[in-house]
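The structure under discussion appears below in the form of structure tokens.
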Amino acid sequence: MAEPREVMRLENLRKSYNVGRPNEVEVLHGIDLRVDSSDFAALVGPSGSGKSTLLNQIGLLDTPTGGELYLLGEPTSRMDDHARTAARGRHLGFVFQFHHLISAFTALENVMMPMMVSHGRPDRETSDRARSLLADVGLEKFADRRPTELSGGQQQRVAIARALVTRPALLLADEPTGNLDTRTAADVFKLFRRFHETHGCAVLLVTHDPRLAETCDRTITLVDGRIVN
Amino acid sequence: MWIESTIAMRFLRQGKAQTLLILVGIAVGVAVIVFVVALIAGLQANIIERTLGTQAHIRIEAPEEVNRIAPPPPGALQLVLEDRRAQSLRPINNWQQLRDVLERLPGVTAVSPVVSGPAFGRRGDAVASVALVGMDLSRYLRVIPLDRNMIDGRLDVGSGNAVIGRQLANDLGLRTGSKLRLEAGDGRDAIVNVAGLFELGVRELDARYVYLDLKQAQSLLGLPGGVTVIDVTVDQLFAADQVAAHIAGLTGVHAESWMESNAQLMNALSSQSMSTNMISFFVAISVALGIASVLAVSVSQRTREIGILRAMGTRRGQMLRVFLVQGAVLGLVGSAIGALAGWSLVAAFNNFGPGLFYIPMPPALVPAAMALATAAGVVAASVPASRAARLDPVEAIRYG
């Protein structure tokens, strides 16, 4: 694997809700965090500790109220929606608890979707890449199925393939196995591990499951909006 | 645009039931617009054609005779008690030159000098009041297609021949070949041969008009060489008032367009057009609201998918266009079906309807209705589309 490099760095990142109103509440109290390309990390913490909020900041889905977030060395706080959207599409991959495939498209088209929204009609290379990712998750035979014709575990595997099709620098997963039975969860988890090793992308998993967290190389624990380890 | 249209079409195809229902709704609306607009246009064209079958587009007469009142000396107050002058039958000055000027005017297609005045028609003891119309037949036919309204005999007004209306013939017991005595007052009278009968379909005209050639009528009315009216036909029917104003300004004669002579008809026609426009407008509004509500439901149903598309790099503008395209496609496809249905209704009316009149299909109507519906679709889609574009991906994914 190549020399580890910095993918994401948070400096004193803060996030408040209801800013300027009487019920203003700060959820993240100055987070400092660095994620390298070699990281396979679990983000753990009790409910309400701010895990999802932090993940949304890291995923550029939300804007922090203070501090700075560097993606591949670039500060992001001054980016407009257009630039943040472009950065998300190019450098980040998302896997959510409820797989969220686009039901009007086949499995293969869902995998190609991030490429299609940024580059338009998929070329040969894109569809080959998507097919090989589907093969990697063991679903090459299901390429032309609609999401409704797939099981929950299969859908989640398609979502993982989709998250990797742009070769992101950082893969973010929010409770990716929370909705799956133990065995399927273990399979999905192995996939993350394999992609981390073969594609060299950093992985950050949010999870409740302490056993899952233990198998990660690094555990980031969040309590009441602060990192405690 | 490729990905936007692709997603839009997939969304529409996936929500088949919704899509079909709203397409039917749009189609019904557009069919109503197309049929009503064509029907009213056809009806109006028919009314105008019937009205102008017996009238010139512009009627030119000598200016009214007025009293000339000498201006008062400076400083004096003048009180005037004026009686209007009786308008005697009088010819248009220099009508030959005027005719030549009119013929060269742009927009004028036919010019027909006519001498017209009152007389009595007599046969035995029966007397009828008639209107003598002396004209140059070849010119007159270009203004009023009298030849198409002949029901008996032949259309011949020269050398002692006259053509009279069917009603007048009934009133005086005349038929083709009978003799008719015409008396125009001051001892001027003539006996003419009834060469043929016409029926214009307007009772007043069929009971009164006696067509002669210019010379006979001029001598009967005591206006040798003169004409009292010049009938003018124009190529743009609804520009007749402008042409009339132009003629009056240019030559100083009194020129009245068919629109002024039929003010009540014009009023009825414009009220009709207004009600057609109102129907079209409100149908278009309800079609637009239908599209807007279907797309609003679609945005709500797809909130999560929109959130995930945004998370994976779909820009706000792209999200907006996904829904605008859906509105445009619904409008375009629905209106194409509707236009076809409206066109079929028109064809059915023409072939199997009451047969009162024929509805021509205005060539611009279908493209105009489709353009209108497509534009309405885009406008209607803009509200749900901007809601989709503004969705916060975090909220959309979590709560959608």
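Glycine is no exception: its Cβ is also placed from the backbone N, Cα and C atoms.
The domain 'MacB-like periplasmic core' annotation in TrEMBL covers B:19-248.
Here TrEMBL flags B:20-43 (among others) as transmembrane segment. Long-range neighbours of the transmembrane segment (B:20-43) within the same chain, counting only residues 6 or more positions beyond its ends whose Cβ lies under 8 Å from a Cβ of the stretch, are 272-273, 276, 279-280, 283-284, 286-287, 290-291, 294, 330-331, 333-335, 337-339, 341-343, 345-346, 349, 357-362, 365-366, 369-370, 372-373, 377.
The feature domain 'ABC3 transporter permease C-terminal' is assigned by TrEMBL to B:277-393. Applying DSSP to the domain 'ABC3 transporter permease C-terminal' (B:277-393) sorts its residues as follows: 98 helix, 0 strand, 19 coil.
What TrEMBL lists as transmembrane segment is B:278-299 (among others).
Residues or ranges marked as transmembrane segment by TrEMBL: B:320-344 (among others).
Cβ atoms under 8 Å from those of the transmembrane segment (B:364-383) belong to residues 26, 29-30, 33-34, 37-38, 41, 284, 287-292, 295-296, 323-324, 326-332, 334-336, 338-339, 342-343 of the same chain, restricted to positions at least 6 beyond its ends. Per TrEMBL, transmembrane segment is recorded for B:364-383 (among others).
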